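Have a look at the structure that comes next, please.
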Amino acid sequence: MATIEVKMISSSEGPRPIPVIALGTATESGIARIETVTPSTLIEAIKMGYRHFDSAAVYGTEKPVGEAIAEALRSGLIKSRSEVFVTTKLWCNSADRHLVVPAIKESLKNLGLDYIDLYLIHWPFKITQDELKLPIPNECIVPIDIKAVWEGMEECQNLGLAKSIGVSNFSSKRIKQILSFAKISPALNQIEVNPLWQQKKLREFCEKNDIIVTAYSPLGAAGNNTWGHSHVMECDVLQNIARSKGKTLAQICLRWLYEQGVIIAIKSFNTERMKQNLDIFDWSLTQEELNKIDQIPQCKYTSLNRIAGTGNNDILAEIDADID
């Protein structure tokens, strides 16, 4: 079984360990409420050494994550709940002050847990859509009252429902807004990061403000027809480095992210790839290889419009323009 390194995240209990690799659970089918992530798959992940699971209310995967943790406890794979770190997220249709606490309580019910390790605001906008349909119609996307919603997030931590709170897909501008009034600062910002979309400015801003970054879509979400792309996997620079080191291209991307000091949310339910994705700690990239990756032309391929419509929407345009 692999041992995954940890970072320390601020919490209601002071600094707590957070594993630097999380198994992501978002799938197109899951969002459509067709089961694709099973407890047995997650149990296999626990056997391999995964101890951090990234879920969200909208993914429809909180129940299998909770069931896998319960089974791991019953079977002795883990000795206590504290050995597993669970991240989940507030969906946009609950981005109102009075809905935040009920939303986390629903997530806890789905997970079968007493607390969530890390609770995130999923996107910096609100939607007026009860059941998710992608793309989200533009008329269903409205501004978020971030001060009111963040007060709800702080209440989640103060009540002991979440150990840490943070944000996802937030720009430095929006985080500055939160920092201007927050009693509890965001502990983490989960954003898209990969060698073709490195988000250096945003990562630097987060580091200066003691905010951990989690990188999602580290491989460009290849294979996901809704929001993914294959540009990372087709990158000549990464392919050449992988060949020269005898590693997979995915391992090169994950090692690069690890060396950037971020948490990595990687999604694969293929047993061999799940093992390979943990094999990134006992080797390193050379300075020459890091320089080559640093020089890869940057382009944001995963546009918000692929998730939230193709028409004109000032809210989405501002968010898209504001991320690095």
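For all residues, glycine too, the Cβ spot is worked out from N, Cα and C.
Okay, these came from TrEMBL:
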type: DOMAIN; residues: 41-296; note: domain 'NADP-dependent oxidoreductase'
type: ACT_SITE; residues: Tyr59; note: active site, proton donor
type: SITE; residues: Lys89; note: site 'Lowers pKa of active site Tyr'
type: BINDING; residues: His122; note: substrate binding site
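Mind mapping these onto the model and telling me what they sit next to?
The Cβ of Tyr59 (active site, proton donor) has 23 other Cβ atoms within 10 Å, all protein chains considered.
Over all protein chains present, the Cβ of Lys89 (site 'Lowers pKa of active site Tyr') has 28 other Cβ atoms lying within 10 Å.
Non-local contacts of His122 (substrate binding site) by the CB criterion (under 8 A, 6+ apart in sequence, same chain) comprise Ala56, Ala57, Val58, Lys89, Leu90, Trp91, Cys92, Ser168, Asn169.
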Between 0 and 100, where does the mean pLDDT of the domain 'NADP-dependent oxidoreductase' (41-296) sit?
95
